[in-house]
Amino acid sequence: MTETILNLAPSLGERAKAALGKRNLVLVGLMGAGKSAIGRIVAQQLGLSFVDTDTEIERVSRMSISELFAAYGEEEFRALETRVIKRLLRTGPRVVSTGGGAFINEKTRKQIERGGLSVWLNADLDVLWERVNKRDHRPLLKTENPKQTLKDLMDKRYPIYALADITVQSRDVRKEVIANEVLTSVIEYIGKDKTQ
Ligand SMILES: Nc1ncnc2c1ncn2[C@@H]1O[C@H](COP(=O)(O)OP(=O)(O)O)[C@@H](O)[C@H]1O
Ligand SMILES: O=C(O)C1=C[C@@H](OP(=O)(O)O)[C@@H](O)[C@H](O)C1
Ligand SMILES: [Mg+2]
């Protein structure tokens, strides 16, 4: 006779979802940190919808990020990014993976602070470089020395990413490992935050 053993313990995703309640989860960090890739997995585990802000911007504008930068410049791109993120946060809860510059823009950062829990995927230069140098769709890295550009962006942006609610170290391990660390950190952070 076969016996079915039911595991009734809540999964990591279920526990993190209960902790998160109605809040959005917003991934921030530099290009190549894994925001888009990890956000998708985290959303699956939470049973929430997933949106990558660059993908959403490309959908509404019917242009690629590179085309937008070329046609309208970074300032216009940032204004569009702010509007898109505001709408996505208002219509959540969901997992939102932002583009690397979003959290650096003060207006967008305030929206994220109000509208969700932010997670910085921190990573060192070699990890980022290894990942971004395989593709060429990032307009800010179309420079003579893209690795140095990435380093300059790290110096400028890391103090600001550090303002995020939670930091998780992105590194050379399976994506699922990082995704689980994000979920565990959410549970720990909300457990400690007695104001919620
Ligand atoms: N933990 C990981 N291990 C291996 N590859 C990863 C990991 N996280 C991300 N990647 C890969 O690195 C590249 C950049 O990741 P992506 O999610 O696009 O970064 P971001 O959105 O932060 O710029 C993608 O090809 C992605 O599949
Ligand atoms: O760091 C930035 O300013 C940018 C990062 C990109 O997103 P990823 O961080 O997902 O590559 C994209 O939004 C755009 O190229 C600008
Ligand atoms: Mg991305």
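For all residues, glycine too, the Cβ spot is worked out from N, Cα and C.
TrEMBL labels come from automatic prediction, so no person has curated them.
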Of the candidates Asp54, Asp136, Asp172, the one that TrEMBL places in the substrate site of Arg78, Gly100, Arg157:
Asp54
Given the binding-site residues Asp54, Arg78, Gly100, Arg157, find the one whose Cα is closest in space to the Cα of Gly32 (ATP binding site).
Gly100
Where the criterion is a Cβ under 6 Å from an atom of ligand 1, which of the binding-site residues Ala37, Asp54, Arg78, Arg138, Arg157 meet it?
Ala37
Alpha-carbon distance [Asp54 (substrate binding site); Lys35 (ATP binding site)] in Å
11
From the binding-site residues listed here (Lys35, Arg78, Arg138), select those whose CB sits under 6 A from an atom of ligand 3.
Lys35
The answer for which binding-site residues (Ala37, Gly100, Arg138) have a CB under 6 A from ligand 2 is Gly100, Arg138
The answer, for which of the binding-site residues Lys35, Arg138, Arg157 has its Cβ ringed by the most other Cβ atoms inside 10 Å, is Lys35
